[in-house]
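Annotated features, as they stand in TrEMBL:
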type    : residues                                : note
BINDING : S66, N117, E161, N168, Y192, Y243, V261 : substrate binding site
Amino acid sequence: MVTALDNALLAEVLQQVRPLIGSGKVADYIPALAEVPADRLGIAVCTVDGALYQAGDAAERFSIQSISKVLSLTLALTRYQESEIWQRVGKEPSGLPFNSLLQLEMEQGKPRNPFINPGALVVCDMLQTRLSAPKQRMLEVVRQLAGEDDLAYDARVARSEFEHSDRNAAIAYLMKSFGNFENDVLTVLHTYFHYCALRMSSIELARSFVYLANNGRDLQGNAVISPLQARQINALMMTSGMYDGAGEFAYRVGMPGKSGVGGGIVAIVPDEMAIVVWSPELDASGNSLAGTAALELLSQRIGRSIF
Ligand code: DON
């Protein structure tokens, strides 16, 4: 039976998935992330009309990590011709972990898609070329999208990532060796780690990502990108937003989604709503374990999926 969306339903969903906490693993390859309490659990939904529903720790800020890869691609689409972007990064699922180097070497330094680390690093490289202050610009974008003036980077998380950046640096240098990287690697890594270290709550993320449910328009009605571009980003999220867990997520949740190792997941119901869940423990693909279960349950209870 389909249930109406309200705060009580979201609380019920969280209650049902809470027992899963303990079966995943908080990301510890970035020491500052490993300190986040594993029992945090939040969910927020923002509809295209601006109605907001929430439960649990929905107002608590966390590190959005790879969810920022959608925002950097969005920003690149406002600064580049699409052909310029897609000649440097592909649109295919990788089927490999988000930080893998294997495919990148075999495919001459062209990343499979913009949501694995190599793809996001190329997109950051492009932003570094065209924006005079890429970190500041991203803050302006998210503050506008979320309607919150005090959104900021977590300097500790950014620094912690920089101190453990060997693999991302290797990825960037490999792409540079193939001629697919324009700027100084350390400068781009600095920008990339700050984007990952953005701190936002589930509520702020749900408000921010409404543009992908609303044909490219944000909550204030401003056109962030075109309706076609919003559709295209949703398609990429569907096929690549959850890395090597994309097929499993499509099967269980049936919505375009993007995860981050901070434990957040953004999922989109086109023309209706943006949904954000947060639970720091991850599954083997680096996606929130209880968060995925919450989205699976919610999609069934409200009868929503793009299939
Ligand atoms: O590049 C990294 O390792 C992280 N800052 C971002 C990775 C991430 O969130 C992947 N997501 N599931």
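For all residues, glycine too, the Cβ spot is worked out from N, Cα and C.
Bear in mind that TrEMBL entries carry predicted annotations, made automatically and left uncurated.
The structure, with features from TrEMBL marked on it.
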{"residue": "S66", "record": "substrate binding site", "DSSP class": "helix"}
{"residue": "N117", "record": "substrate binding site", "DSSP class": "helix"}
{"residue": "E161", "record": "substrate binding site", "DSSP class": "helix"}
{"residue": "N168", "record": "substrate binding site", "DSSP class": "helix"}
{"residue": "Y192", "record": "substrate binding site", "DSSP class": "helix"}
{"residue": "Y243", "record": "substrate binding site", "DSSP class": "helix"}
{"residue": "V261", "record": "substrate binding site", "DSSP class": "coil"}
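Within 10 Å of the C-beta of V261 (substrate binding site) there are 24 other C-beta atoms, taking all protein chains into account.
Pairwise Cα distances among S66, N117, E161, N168, Y192, Y243, V261, the recorded substrate-binding residues, top out at 20 Å. Within 10 Å of the C-beta atom of Y243 (substrate binding site) sit 25 other C-beta atoms, taking all shown protein chains into account. Within its own chain, E161 (substrate binding site) has I30, A32, N168, F193, C196, A197 as residues 6 or more apart in sequence whose C-beta sits under 8 angstroms from its own. All chains included, 22 other C-beta atoms sit within 10 angstroms of the C-beta of N168 (substrate binding site). Most Cβ neighbours within 10 Å among the binding-site residues N117, Y192: this distinction goes to Y192.
Around S66 (substrate binding site), a 10 Å sphere centred on its CB holds 24 further CB atoms from the protein chains shown.
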